[in-house]
Amino acid sequence: MGCKNCCSICLQCLFGYETNVMLVINNKGVGALFRLIQFMIIAYVAVYVCWIQRAYQDTDSVISSVSTKVKGNILTNTSIEGVHVWDVPEYVIPPQGEKSFFVLTNVIPTPGQTQSKCPEIPSEVTKCESDSDCIEGHTEVHGNGVQTGHCVQYSDTIKTCEVHAWCPLENDTIIPKPALLGAAEHFTVLIKNNIQYPKFNFRKRNLLHHINSTYLKNCTFDRKTDPHCPIFRLGHMVTEAGEDFSVMALKGGIIGILIDWNCDLEFPERFCIPKYSFSRLDNKNPENNVAPGYNFRFAKYYKNNKSIETRTLIKAFGIRFDVIVFGMAGKFNIVPTIVNLGAALACLSLVTAICDWVMLTCMKDRDQYAKRKFIHLNQNGDSVLLFSMETTSYGTP
């Protein structure tokens, strides 16, 4: 009999089913709080987690390559160079950049420089009265050459230390106004951008399916009429960045071409398209206007009629365009879906605990609720206080 009873108990434990008793409290205040918190959690999960964050998706970052091709010509007529036609090899420096390209807009040329001796440009450290003020072999950090130790006449009233250098020296204190190549705003650039999301084996380029050779020959990017055209007018990009091309061309600057490839791969491939925007990237703070713009120097070397090495030094001002590609792609995945669904259910389970605390702490009938919520055993029981197996439900009559 003992063995039979033992087997019966084991079967009851193995196949028995336990369920909680539902305790319904008809209190409008607690019931409203219960439903309000539930609604807030469900709304948060539905709107923010699922709709805005798309937390049910797996994501991948974009990988891209960029190539550019600038087109345009400018005719200039100056006292130094005379009539000159500038084409792409001259004003795009270097010909191929790493996701960027530079367009020359203004120049200070110093032609006919040769290796010789000449007076240094006047400054506080280069002015002199006699040879004793100049040190042979000395080099000033902001100077143009190596001092010879002689004090020579720079002008009728000023003497400076003589230097070994490329003479005549450059004088960059006067910047041409208006910009010599200000017409560069009418140049165009073709931007070819190839992107991929390796995790989803997805590849695309900004030359969309409907773009053909005929379309490319006639289109120019316009946010309203041609938002998908990959050919951009330089002046239009600068204007969209909130700048005046004629002003920016004087001393140069940096413009960012931002290509946004954020894609939801739940939708067909044709809905994944680039979005273009433009922004000035270099500092243009009027209160801290030290070293404004963008410039550098380069030289063109040649032999003169006496076979002496000669060069034309050019201080180049211009606009550098940086192509910045960014984006994220998302696609449904069961793992993040289960994780976020579990987190939502865990948050919902806290609603009962919050309402229990309010009911047992803040309500005037909290003692009455506590008697139903907890079972108090008499002194003959095995325990002084036990929690009941009742589950609380809140509602209104």
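Each Cβ is built from the backbone N, Cα and C atoms, and glycine gets one as well.
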* Asked: TrEMBL pairs Cys161 with one of Cys134, Cys167 in a disulfide bond, so which one is it?
  -> Cys134
* Asked: Of the listed cysteines Cys151, Cys167, which one does TrEMBL record as disulfide-linked to Cys128?
  -> Cys151
* Would you kindly give the Cα-Cα distance separating Thr188 (ATP binding site) and Cys229 (disulfide bond), rounded to the nearest Å? => 12
* Using C-alpha atoms only, work out the spacing between Cys128 (disulfide bond) and Thr188 (ATP binding site) and round it to an integer in Å. => 51
* To do: To the nearest whole angstrom, state the Cα distance for the pair Val70 (ATP binding site) and Cys263 (disulfide bond).
  => 29
* To do: Determine the Cβ neighbour count for Cys263 (disulfide bond): the number of other Cβ atoms within 10 Å of its Cβ.
  => 24
* **Recorded ATP site residues Lys69, Val70, Lys71, Thr188, Asn295, Phe296, Arg297, Lys315, farthest C-alpha pair in Å** => 24
* Asked: Nearest to Thr188 (ATP binding site) by Cα distance: which of the disulfide-bonded residues Cys134, Cys161, Cys167, Cys263 is it?
  -> Cys263
* Structure fact -> Same chain, |i - j| six or more, Cβ under 8 Å of Cys118 (disulfide bond); the result in sequence order is Glu162, Val163, Ala165, Cys167, Pro168, Leu169
